[in-house]
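Novice: Checked Swiss-Prot, it gives:
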type: BINDING; residues: GLY107, THR108, ASN109, THR257, ALA442; note: ADP binding site
type: BINDING; residues: THR198, LYS199, ASN233, ASP234, ASN260, GLU287, GLU317; note: D-glucose binding site
type: DOMAIN; residues: 38-488; note: domain 'Hexokinase'
type: REGION; residues: 93-232; note: region 'Hexokinase small subdomain'
type: REGION; residues: 233-477; note: region 'Hexokinase large subdomain'
Amino acid sequence: MSLMFSSPVVTPALGSFTFSSRPRSNYIVMSAVRSNSASTCPILTKFQKDCATPTPYLRNVANAIADDMRDGLAVEGGGDLEMILTFVDALPSGNEEGLFYALDLGGTNFRVRSVQLGGKKERVLATESEQISISQKLMIGTSEELFGFIASKLANFVAKEKPGRFLLEEGRKRELGFTFSFPVKQTSIDSGTLSKWTKGFKVSGMEGKNVVACLNEAMEAHGLDMRVSALVNDGVGTLAGARYWDEDVMVGVILGTGTNACYVEQKHAIPKLRSKSSSGTTIINTEWGGFSKILPQTIFDLEMDETSLNPGEHLYEKMISGMYLGEIVRRVLLHMCETSDLFGHFAPAKLSTPLALRTEHLCKMQEDNTDDLRDVGSILYDFLDVEANMNARRRVVEVCDTVVKRGGRLAGAGIVAILEKIEKDTKRMGSGKRTVVAMDGALYEKYPQYRQYMQDALVELLGHKLASHVAIKHTKDVSGLGAALLAATNSIY
């Protein structure tokens, strides 16, 4: 059986995407099957209907996210979105000079980086980085053990610096931008208390403690003459790193295993900001994964949520981020096996195993354009121990596309909510000024169908005229540079 494609295959360039002011035609991403029409399988037809995100529905989602943004800016806990004050009131200008460092802690590895900055003309003169694994023992040990280990590795990293490439100005202490990707209540640019551990960490004696103080004390104990100048998360680091190269960057979005977004906000639009000055701008960390209103939840989303580590929380994240897309597909396929003959008269045992299908598998199956979908068949055989006929392979890809289409379009609605909030206060796009969204994360980078669905939603909601002034830029791994730059921007010298 051969597959028919309705349009020529074109894949958008990943580095940057600017929307045309005219409607596009004949522009789709390669996909074995797209969920544009209802399936002949009743279970799949209902699932597609439950996941549908037509433009009017997406508009309601974007409006609800915008309402939550305003509520969160008005008062702490005002809405699903926390709208956290980051205290980043100054972004990199390009004038920064000197040697600065970045530490990124957010999973089973941490990364350290050194950056020698040469000002407007020379920008980044030199940079080095190193990634170090964190053992399971340290992840559930004490704060002294974890931060002591990090400080010792930082000291080793500094000791290996090549004198000809990196130069610390005499009389200055080394300064560090600390990317700490765990829930924190930030109290200033260089202090914040841990709310709770996530991602498998359960370090004792830390909750409610100032994470910056813990790291500073550990560095001092190891004889390292270094201090934390800026505490940020990966979204803020991405925005700052991208802004260094492009002054039109206004939004930073992470779409990977997890998801988050931050943006440049006018201080006068933040009622909960109790400061003497309401002029200028600051960066808001939306924590948009916590959004939960009017989302197209299915029985499979509800089941997955009930068995998650945080039931009832972060429902938006569970629909749009890479950690969950494969698991939703697995649950749908299991139900189809149990109620139909998708893979014959039995459900493969591996299909009952949580996380047996990962988002990277969905991507590979959707990119299969062979006549017999042989790559789909190989993935199903290798990871689920099932030999699927052509009809089953097509059904599987339809399920993948349905889940990914919903995720990409919902992510697009979230970005539109932020862009429209910025537009309301600044009238940037309406006056023809370019607005850039800096994107990072493996889901955005490696899943072309997801990217396309997200971009489609942006154009549908903004309209072609406003969308033509929006640029989506893939800015891989700039959060480390951004953290170092924020250390420079907030230097005590």
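Cβ from N, Cα, C; glycine included.
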Novice: Counting other Cβ atoms within 10 Å, pick out the least crowded of the binding-site residues ASN109, ASN233, THR257, ASN260.
Specialist: ASN109
Novice: Which state, by DSSP, holds GLY107 (ADP binding site): helix, strand or coil?
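Specialist: For GLY107 (ADP binding site) - judged by DSSP and reduced to three states - the answer is coil.
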Novice: Cα-Cα separation of ASN233 (D-glucose binding site) and THR108 (ADP binding site), in Å?
Specialist: 16
Novice: Would you list the other residues of this chain near D-glucose - those whose C-beta lies within 8 angstroms of the C-beta centroid of THR198, LYS199, ASN233, ASP234, ASN260, GLU287, GLU317 - in sequence order?
Specialist: GLY106, SER181, PHE182, PRO183, GLY235, ILE254, GLY258, THR259, GLY289
Novice: Between ASN109 (ADP binding site) and LYS199 (D-glucose binding site), what is the CA-CA distance rounded to a whole number of Å?
Specialist: 12
Novice: Hey, what's the Cβ neighbour count for THR108 (ADP binding site) at 10 Å?
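Specialist: Taking every protein chain into account, the count is 13.
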Novice: Counting other Cβ atoms within 10 Å of each residue's Cβ, which of the binding-site residues ASP234, GLU317 comes out lowest?
Specialist: GLU317
Novice: List the helix, strand and coil residue totals of the region 'Hexokinase small subdomain' (93-232) as derived from DSSP.
Specialist: 36 helix, 55 strand, 49 coil
Novice: Measuring Cα to Cα, how many Å separate THR257 (ADP binding site) from GLU317 (D-glucose binding site)?
Specialist: 10
Novice: Write out the long-range same-chain contacts of LYS199 (D-glucose binding site), meaning residues 6 or more apart in sequence whose Cβ is under 8 Å from its Cβ.
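Specialist: When sequence neighbours closer than 6 are ignored, LYS199 (D-glucose binding site) has GLY106, GLY107, THR108, PHE182 within Cβ distance under 8 Å.
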Novice: Other than GLY107, THR108, ASN109, THR257, ALA442, which residues of the chain come within 8 Å of the ADP site, judged by Cβ distance to the Cβ centroid of those residues?
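Specialist: Once GLY107, THR108, ASN109, THR257, ALA442 are set aside, the remaining close residues are GLY106.
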Novice: To what whole number does the mean pLDDT across the region 'Hexokinase large subdomain' (233-477) round?
Specialist: 93
Novice: To the nearest Å, how far is the Cα of GLU317 (D-glucose binding site) from the Cα of ALA442 (ADP binding site)?
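Specialist: Between the alpha carbons of GLU317 (D-glucose binding site) and ALA442 (ADP binding site) there are 15 Å.
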Novice: Whole-number answer please: how many Å between the C-alpha atoms of ALA442 (ADP binding site) and ASN260 (D-glucose binding site)?
Specialist: 13
